[in-house]
Amino acid sequence: MATIQNSQIFPQPNPTFKTHFRTVITVCQKQQKPQNKKPFEEKKLASVDYNKGTHKVTVKINGFRKSDLPKHQKLRVQSDRFQKDWAISEVVEKIMKLNPWDDDIEGLLNCWVGRFARKNFPNIIKEITQMGSIEHSIQVFNWMKNQKNYCARSDIYNMMIRLHARHNRVDQARGLFFEMQKWRCQPNVETYNALISAHGRAGQWRWAKNIMEDMLRAAIPPNRSTYNNLINACGSSGNWREALKVCKEMTENGVGPDLVTHNIVLSAYKNGEQYAKALSYFELMKGTKVRPDTTTLNIVIHCLVKLGEYEKAVEIFNSMRGKRAECNPDIVTFTTIMHMYSVSGQIKNCEAAFNTMIAEGLKPNIVSYNTLVGAYASHGMAQEALSVVDEMKNNGIRPDVVSYTSLLNAYGRSEQPERAMETFERMKRNNLKPNLVSYNVLIDAYGSNGLLDKAVQVLREMEHDGLQPNVVTISTLLAASGRCSQKVNIDYILTAAKMRGIELNTVAYNSALGSYLNVGEYEKAFALYRSMRKKKVMPDSVTYNVLISGCCRMSNYSEALEFLDEMIDLKIPLTKEVCSSAICAYTKQGQFTKAESMFSMMKMEGFHPDVIAYTTMLNAYSVGENWEKAFAVFQEMELNDVHPDAIACSALMRSFNRGCQPDKVLLVADFMRERNIPFTEAVLFELVSASSILRDWRMITDIITIMEASLPYVSVGTLNQLLHSIGKSGKTETMIKFFYKVVTSGAEVNLATYSVLLKNLLAAGNWRKYVEVLEWMEDGGIQPASNMYEDILFFAQHSAGTENAAVIKQRLGSLRKKSGHETANELLLR
């Protein structure tokens with residue numbers, strides 16, 4: 001049988017056909033190869049506006065275009081004029097211009113040719129999530145899932161979970177986590193990291209720990225980012241101990257900490273108010289090879305400011321601004337320094353830091369502006385605070401609730417409560433809902449200016465708006481009641497707090513105690529203090545300062561010292577105010593040694609006594625008639641750059657007068673003239689006493705000239721002292737002229753004033769004016785004392801002569817008939 005060759009069954013192709021076939025295949029392959037060689041390469045485009053002095057950098061991504069599609073899809077869209085060949089960045093730009101609730105985003109995406117390329121999906125969702133608009137992202141993500149060529153991918157879900165975390169949508173992020181598993185898309189380490197971060201942002205650190213345990217059960221090893229996210233979840237909730245435990249587990253599992261880890265631990269200490277521990281950790285961190293960055297130093301500066309170590313904070317800040325500094329200050333650094341200057345009362349330095357920040361090319365954010373507004377507000381500088389708010393608006397930053405609340409505080413402190421209410425109404429017109437702090441500041445604005453009724457109206461409006469008052473509200477109202485001296489309202493406010501279930505804290509009790517003591521309700525104040533201790537609310541130095549100073553005002557010095565002993569037993573640190581009150585109490589009790597000991601202890605404790613403490617000690621030495629020590633204390637004030645005021649000078653004058661050193665009183669007066677210290681009534685009283693002892697009538701004449709403008713406000717005691725000094729010099733005419741001026745000015749005169757006049761007139765033998773003054777008294781409705789008649793009758797019998805004695809008796813008889821008093825008649829018959 002013949003053999004059949006393979007070539008007969010499968011004939012060999014023609015060489016010409018083979019060449020043509022290869023050519024067709026090559027052409028098809030060339031046509032299928034994408035023309036866009038780098039479709040997802042990022043291209044940066046920059047634009048500069050020379051008029052405004054701004055520049056803008058944008059990133060463009062092409063993605064797969066129409067030319068990159070397979071032939072059958074390309075033919076499908078070529079005949080449709082509604083199909084647009086946009087780049088990915090163009091699609092994102094068009095989507096962001098649409099309203100996610102009203103506009104048809106899906107319709108726009110259905111017109112995009114690039115939807116047929118599945119590889120475009122991760123990049124478009126990445127671009128939109130980076131924009132931060134969660135509503136646009138959700139719309140695009142839902143559209144993607146409805147496409148036939150969509151394939152669930154972990155990176156897309158990870159981006160969406162991270163976006164929900166940024167917007168604190170924890171439940172939605174967790175829902176995406178379960179949804180991706182339904183699509184058989186296995187979570188990876190980045191998925192768990194994103195979910196842990198989401199719960200950490202929401203403060204749900206226990207959930208974050210549970211998620212990590214699920215991750216370990218799924219046999220997915222955590223990386224450094226996982227631990228950092230978990231540490232941050234614990235630390236941001238203030239649970240620094242748990243954060244340290246996770247950090248320890250991280251090290252034990254062979255994952256070494258990096259700079260981010262150290263910053264998170266420092267932040268955990270900061271959020272937990274463990275500022276000293278944060279600084280200790282920073283010192284340990286210096287021993288490692290990890291170099292701090294700007295975030296690290298920002299946390300350190302914040303902790304130093306909270307601990308009051310301002311010099312060290314400024315030192316680090318200045319080192320960051322050095323030419324060779326590795327870490328340059330940013331907005332957070334400058335804002336922290338501004339806050340430091342604000343709380344320390346250095347407004348000029350706060351303003352200088354703000355201007356320096358702008359000069360160094362940093363654009364202030366709303367936190368920086370609010371810090372400056374708050375600094376001005378704390379000192380009642382309302383006009384400056386308002387100008388900063390206006391500057392915010394001009395720079396395109398919309399003031400928030402914090403901005404307006406600070407402005408409210410500024411108007412309240414500058415005694416402009418009506419302007420505060422106008423600002424409050426403007427805040428509501430700008431669609432900003434006032435919070436509890438805003439209402440409390442407005443209540444304080446009215447209460448601190450004596451408008452308690454309006455403060456209560458604001459409280460009622462607050463409750464009507466659905467905000468319940470807190471203990472700060474109650475404290476503010478209690479302090480306002482004390483300033484307005486309204487006893488009933490203090491009881492009413494305490495009752496209202498009890499009815500609303502508001503438990504008073506130490507600050508609220510201090511406000512109530514101070515209010516009761518201001519209105520003289522000492523028994524209620526002490527009863528409230530006993531209730532405070534019974535409820536185990538721990539008193540502080542302010543509590544005891546209020547009680548001790550209150551006891552001193554009611555001259556109950558022994559009880560004041562008992563409170564001082566109780567304060568020391570509780571190991572509550574003393575303050576300058578408490579020490580000053582204690583010195584006063586010791587002085588009034590005659591315990592000058594203990595007063596000196598307390599003053600010495602103040603200086604040893606580093607309190608740096610102020611003018612009040614020095615004045616208290618001057619009064620102590622004045623009572624003890626020890627002018628040498630009083631003068632030494634006054635000199636110490638000068639050496640320590642503590643400027644004495646009129647009260648301190650009058651205390652020193654008093655000690656000189658009591659120590660029989662009237663010439664030194666005049667030297668103090670010269671010192672006051674050099675320093676432009678005003679002469680108060682107490683100073684004038686001591687000057688009159690010293691001039692009277694020295695018989696310096698010229699000084700007395702000068703004092704009369706000084707006092708003429710303010711006679712209606714001078715006390716009766718000072719006027720009597722001055723009249724006595726003039727009369728003692730024998731210048732009865734000057735005394736009577738000055739008395740005329742006193743009566744004409746409307747100043748108060750009493751029986752003692754007339755007694756001074758009569759004694760000096762009788763000593764000068766001017767019996768006619770004596771009788772005339774008695775007539776003035778009768779005309780003024782002031783009944784002369786019996787000794788006044790006895791003195792003139794004794795003078796008539798022994799010194800006036802027979803003829804003058806008869807005239808005196810006749811005039812006294814006429815005075816008796818005119819007055820109708822029996823006292824004069826009895827004296828004449830004697």
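Note: Cβ is positioned from N, Cα and C throughout, glycine not excepted.
Feature annotations, courtesy of TrEMBL:
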- 153-187: repeat 'PPR' (REPEAT)
- 188-222: repeat 'PPR' (REPEAT)
- 223-257: repeat 'PPR' (REPEAT)
- 258-292: repeat 'PPR' (REPEAT)
- 293-327: repeat 'PPR' (REPEAT)
- 330-364: repeat 'PPR' (REPEAT)
- 365-399: repeat 'PPR' (REPEAT)
- 435-469: repeat 'PPR' (REPEAT)
- 505-539: repeat 'PPR' (REPEAT)
- 540-574: repeat 'PPR' (REPEAT)
- 575-609: repeat 'PPR' (REPEAT)
- 750-784: repeat 'PPR' (REPEAT)
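Panel annotation: around the repeat 'PPR' (750-784), residues 716, 719-720, 723-724, 726-728, 730, 732, 735-736, 739, 742, 791-792, 795-796, 799-800, 804, 808, 811-812, 815, 818-819, 821 of the same chain, lying at least six beyond its termini, place a Cβ under 8 Å from a Cβ of the stretch. DSSP assignment over the repeat 'PPR' (365-399) gives 26 helix, 0 strand, 9 coil. Averaged across the repeat 'PPR' (505-539), pLDDT for the predicted model comes to 87. Break the repeat 'PPR' (293-327) down by DSSP state and the numbers are 24 helix, 0 strand, 11 coil. Across the repeat 'PPR' (188-222), DSSP assigns 26 helix, 0 strand, 9 coil. Taken through DSSP, the repeat 'PPR' (330-364) splits into 26 helix, 0 strand, 9 coil.
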